[in-house]
Amino acid sequence: MQIGLDFNLVEDLVAGVDEVGRGPLCGAVVTAAVILDPARPILGLNDSKKLTEAKREALFDEICAKALSFCIARAEVEEIDRLNILQATMLAMQRAVEGLSVTPKLALIDGNRCPKLSVPAAPVIKGDSQVPAIAAASILAKVTRDREMSAFELIYPGYGMGGHKGYPTPVHLEALARLGPTPIHRRSFAPVRAAWEAREGITDSLI
């Protein structure tokens, strides 16, 4: 049985912000900002990692239907490689908050640091398992990114992206070594860089 967070904790015009995708070797980092409506309860909100895929999908639709405002944003692979993953994540969070159709009086950010925002903000460590709005944001971000990685499975077969979602599992690392990086792999990440350099070495030896 999955028990959700207490919806009575929801405050007026407080945005919850979270990210998914800092650790994977490929794909964008996806963020979401959500302002919940205290008058429209959503049961079962929790850290997206603690929910089944089916529950996340159901909550995704309910959050989109009932939230006062939400925005899903991202930083692309090129931005991650240019800025580094931390700065790209901060940029994506900034985009999510700025994309809200309603201006929050406060943004609560999952983690231990905040992006530069035009509204007051505070970090909340493990916020996705404490603050309903952050939990909602974690669900929107994870479902969005998981759907993208499942789509990439069809575009780049052989890597198992629909299963590991880009994380550095043994299956992914083996495929990376065997097939080489794709255009959506983050070349600033060490395993990808090593695979790229190995491929370059093979190419050079064949010339």
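Sequential numbering from 1, following the chain as shown.
Backbone N, Cα and C define each Cβ position, glycine as well.
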* **Further binder of divalent metal cation named by Swiss-Prot next to Asp18, Glu19, taken from the candidates Asp81, Asp110** => Asp110
* Can you list the residues of the same chain, besides Asp18, Glu19, Asp110, whose Cβ falls within 8 Å of the divalent metal cation site's Cβ centroid? -> Val17, Val20, Thr31, Ala32, Met93, Ile109, Gly111, Gly127, Asp128, Ile134, Ala137, Ser138, Ala141
* 10 Å Cβ neighbour count around Asp110 (divalent metal cation binding site)? -> 25
* To do: Find, among the binding-site residues listed as Asp18, Glu19, the one whose Cβ has the highest number of other Cβ atoms within 10 Å in the structure shown.
  => Asp18
